[in-house]
Amino acid sequence: MFHLDTLATLVAATLTLLLGRKLVHSVSFLKKYTIPEPVAGGLLVALALLVLKKSMGWEVNFDMSLRDPLMLAFFATIGLNANIASLRAGGRVVGIFLIVVVGLLVMQNAIGIGMASLLGLDPLMGLLAGSITLSGGHGTGAAWSKLFIERYGFTNATEVAMACATFGLVLGGLIGGPVARYLVKHSTTPNGIPDDQEVPTAFEKPDVGRMITSLVLIETIALIAICLTVGKIVAQLLAGTAFELPTFVCVLFVGVILSNGLSIMGFYRVFERAVSVLGNVSLSLFLAMALMGLKLWELASLALPMLAILVVQTIFMALYAIFVTWRMMGKNYDAAVLAAGHCGFGLGATPTAIANMQAITERFGPSHMAFLVVPMVGAFFIDIVNALVIKLYLMLPIFAG
């Protein structure tokens, strides 16, 4: 086994991103279907490591100590760039999107349990291949698998959960681009151009140019560091209470409170462009690390019936995004970008959703509403409603005892 330390892993992640960029610009298929650069590069590296593992018996182990801080830094930038006025304006849209998301959670579990029963598997495996890991991700999967082991005696719950979450992360990044590209073509907005081309003015005067200087970067890094520090403290204080929240949600909300508080007091205005640059860097590096570190041989160990459930879930996610998400959200360009985001966190995670949306907006134009709604629902509300839906399913007679 080869072990790469923190710095070597960072080098590998940056090279993976550059490789992904080269691939997307060189391979017409990837460019045509708007595959995110971290997904393209990360998957190629993961496949290369799989070949090394199977042919030579070599395994490369990465030091992922930077991965979680990078993810938290990304969510901090989402919070710092959110202003209260925009949140109020997006209230109705957030409500509609949340209803759409709840519908998917219910259907994912119904499909998982139905397919598991049809294939003669434990219904708990169907739940693990449902909203627990697909909409919930690795963290939610790990948390629920512990409960399944202790309460239901499902000894392989953790392995199944991690494999399903990994599969979902990969597919979530792959189907978002093609789905959105199809929807943009059929959008009610002429030529796929977004209705909202206005420059966001939450913290910036669009007519006044500002440089991203070293001082601005230091100020922005300080704000992000404060969000991470305070967010972790808040998460620890809430742990074990009825108000317990994942750390990244606490970090996001600290960012919202910090930026709006400073703005209201007139003490400091967050430089949106600098925050966005650092957020994009954090997200790209996080995704590169997450994907290049995938142990694809763990997917190969999944039984064919489990793979069958996951394939059905993936097809259903794409159809749901096209026929439900896009239509419910208005059948316009914003709705198409939202659908791409829904594919991302409906099968994988919120960072995958953001990467999907970035890949679309870089090509077709901005969608301020999508970048406001998806992080709010995907990073906060999804954990709450998913837990409620899962608990309701566990009350069914098939899970008694």
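Note that Cβ sites are derived from N, Cα and C of the backbone, with glycine treated the same way.
What you see is a predicted model, and the numbers here were worked out from it, not measured in a lab.
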Topological domain name match (Swiss-Prot): K31 vs L238, membrane | no
The topological domain 'Periplasmic' (236-244): which same-chain residues, six or more beyond its ends, come within Cβ distance under 8 Å?
-> 250
DSSP puts the residues of the topological domain 'Periplasmic' (117-156) at 28 helix, 0 strand, 12 coil
Per DSSP, what is the residue tally for the topological domain 'Periplasmic' (391-401) in helix, strand and coil?
-> 7 helix, 0 strand, 4 coil
Take the topological domain 'Cytoplasmic' (325-367) and find every residue of the same chain, 6 or more past its ends, with a Cβ under 8 Å from one of its Cβ atoms.
-> 34-39, 71, 74-75, 93, 96-97, 99-101, 104, 108, 134-135, 137-138, 165, 168-173, 175-177, 179-181, 183-184, 186-189, 192-197, 280, 283-284, 286-287, 290, 313-314, 317-318, 373-375, 378-379, 382
